[in-house]
Amino acid sequence: MQAATETIVAIATAQGRGGVGIVRISGPLAGQIAVAVSGRQLKARHAHYGPFLDAGGQVIDEGLSLYFPGPNSFTGEDVLELQGHGGPVVLDLLVQRCLELGARQARPGEFSERAFLNDKLDLAQAEAIADLIEASSEQAARNALRSLQGEFSRRVHALTEQLISLRIYVEAAIDFPEEEIDFLADGHVLGLLEKVRTELSTVQREASQGALLRDGMTVVIAGRPNAGKSSLLNALAGREAAIVTDIAGTTRDVLREHIHIDGMPLHVVDTAGLRDTEDHVEKIGVERALKAIGEADRVLLVVDATAPEAADPFSLWPEFLDQRPEPGKVTLIRNKADLSTESIGLEESADGHVTITLSARTGAGLELLREHLKACMGFEQTAESGFSARRRHLEALRQAGQALEHGHSQLIHNGAGELLAEDLRQAQQHLGEITGAFTPDDLLGRIFSSFCIGK
């Protein structure tokens with residue numbers, strides 16, 4: 001535990017007027033401030049109703065005073081909460097009184113930062129506080145709460161413990177060469193390594209789902225000109241976000257629209273029609289479309305169900321196959337069902353490809369697409385599964401997986417225990433970045449500075 005020398009204060013409730021406003025104080029002067037403001041000694045962990053006093057003994061407000069001596073508090077330090085009326089003037093006067101008594105204004109996220117530094121929370125849990133506050137759907141809020149309760153951290157710690165056990169075995173064999181352990185023939189190391197890689201892959205998959213729920217899924221609408229891409233964007237957005245005409249090539253640039261489906265955020269990107277063209281401006285639009293396809297979380301490949309080439313849509317644009325994400329992230333949209341003989345519906349092939357037949361113009365089948373996109377974001381997770389994750393967590397997991405893959409290759413092809421030991425160390429370090437065990441100070445500063453003041 002790190003002892004803080006400064007006492008900090010901030011308004012913990014949202015800006016503006018409200019029924020209740022909270023001023024939070026943390027640090028060694030919290031107890032003295034409690035006596036000065038409330039005019040009496042406060043019993044620990046009890047709510048005391050009474051006046052809040054200024055320096056002259058005049059009443060600023062009336063409300064509840066709660067004192068939590070450290071280390072049994074949110075920050076691990078002495079903490080005081082003053083819960084009064086939610087008027088900004090009253091709250092500012094309370095903060096000013098605390099400043100007069102020796103506290104200083106807290107930085108954004110400093111309360112959570114102190115909780116982290118005092119081992120009350122790890123870094124993933126601290127970030128989950130902000131995620132819970134900013135959650136835009138019930139599922140995102142549930143996931144953030146599970147991360148705050150330590151679910152994500154437990155998964156990471158379990159992987160770390162397995163890596164430590166594996167490192168002990170490998171490094172002991174290196175330190176005692178007289179034992180002459182053949183890592184490859186032994187089978188024990190390879191078995192443990194495969195187990196860790198499998199479990200890491202599972203955590204990566206669940207973390208990716210959690211990140212989509214938190215940050216929103218980027219959905220790129222792609223296809224040939226006049227397939228109805230812009231009409232589909234307008235239908236999803238519920239407004240005329242894109243110009244729609246019968247002229248092929250109307251959309252020449254990337255158009256972005258941010259929407260919510262049952263509170264779940266989606267970043268929908270309409271792109272230029274994919275075709276060979278001599279038009280310089282349209283050619284740039286096609287290049288940008290292909291780039292957007294490569295960066296998408298999900299691609300909606302839109303085809304005109306009335307066109308002859310719709311029978312084999314993936315042959316419409318060969319470069320699409322090179323730029324698109326993995327096959328499971330592509331949904332085929334057979335549009336203009338109102339002009340064809342096809343029935344509205346959703347089909348899933350044996351290889352996992354999903355095809356949705358709809359009409360963007362009439363809206364028929366649009367609800368199927370919405371439900372499909374919600375499922376892609378993890379909307380169907382139960383309350384007992386899933387956790388919140390951020391992009392930096394995904395990157396740390398990716399790098400850990402990369403290190404394990406390299407170590408596995410070294411073991412299989414070279415039987416190189418020394419190189420495997422280094423890869424295991426790197427994988428452990430990358431996992432430690434998630435919980436804060438191995439995190440540079442500048443990164444910590446960036447993370448906590450993004451929090452609300454008073455959190």
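Glycine residues also receive a Cβ, built from the backbone N, Cα and C atoms like all the rest.
For ARG24, GLU81, LYS120, LYS455, the entry in Swiss-Prot reads (6S)-5-formyl-5,6,7,8-tetrahydrofolate binding site.
Here Swiss-Prot flags 226-231, 245-251, 270-273, 335-338, 359-361 as GTP binding site. Of all the Cβ atoms in the protein chains shown, 27 others lie within 10 Å of the Cβ of ALA272 (GTP binding site).
Cβ neighbour count for ASN226 (GTP binding site) (all protein chains, 10 Å cutoff from its Cβ): 20. The feature K(+) binding site is assigned by Swiss-Prot to ASN226, THR245, ILE247, THR250, with sequence analysis given as support.
Cβ neighbour count for SER230 (Mg(2+) binding site): 24 (other Cβ atoms within 10 Å of its Cβ, all protein chains included). What Swiss-Prot lists as Mg(2+) binding site is SER230, THR251, and the listing cites sequence analysis.
Annotation comment: Swiss-Prot describes 216-378 as domain 'TrmE-type G'.
When other Cβ atoms within 10 Å of the Cβ of LYS120 ((6S)-5-formyl-5,6,7,8-tetrahydrofolate binding site) are tallied across all protein chains shown, the result is 20. Within 10 Å of the C-beta atom of SER359 (GTP binding site) sit 23 other C-beta atoms, taking all shown protein chains into account. A 10 Å radius around the C-alpha of LYS120 ((6S)-5-formyl-5,6,7,8-tetrahydrofolate binding site) takes in none of the binding-site residues listed as SER230, ALA272, LYS336.
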